[in-house]
Amino acid sequence: MKISAAVLTVVLMAASLCAPASASPNGSDTIPCCFAYLSAVLPRAHVKEYFYTSSKCSNFAVVFVTRRNRQVCANPKKKWVQEYINYLELK
């Protein structure tokens with residue numbers, strides 16, 4: 001039973017790092033909106049730039065763009081997100 005609980009935990013953690021935290025266009029509009037935040041800290045070396053979601057989106061978020069051009073949503077209230085923004089601004 002402990003093994004299946006551990007496997008389930010790993011699967012759920014992996015799933016939380018996937019698509020729900022990605023920025024997606026809102027309908028036919030090309031403005032990305034976020035519906036969930038990344039639950040883990042993104043390695044800073046992977047981040048090349050960032051932008052904020054539009055006020056038209058229901059959730060305010062920071063969208064980090066990775067070196068592979070993947071857009072990842074992050075909670076702007078998290079300390080690590082604010083530190084990454086400061087780092088990118090000073091870069």
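Each position is counted from 1, following the chain as shown.
A Cβ is built for glycine as well, from the same backbone N, Cα and C atoms used for every other residue.
Swiss-Prot records a disulfide bond between Cys57 and Cys33, which is the match among Cys18, Cys33.
Between Cys73 and the candidates Cys18, Cys34, Swiss-Prot records the disulphide pairing with Cys34. In this structure, the CA atom of Cys34 (disulfide bond) is 7 Å away from the CA atom of Cys57 (disulfide bond). Cys73 (disulfide bond) counts 24 other C-beta atoms within 10 Å of its own C-beta, drawing on all protein chains shown. Cβ-based crowding with a 10 Å cutoff singles out Cys34 as the top-ranked of the disulfide-bonded residues Cys33, Cys34, Cys57.
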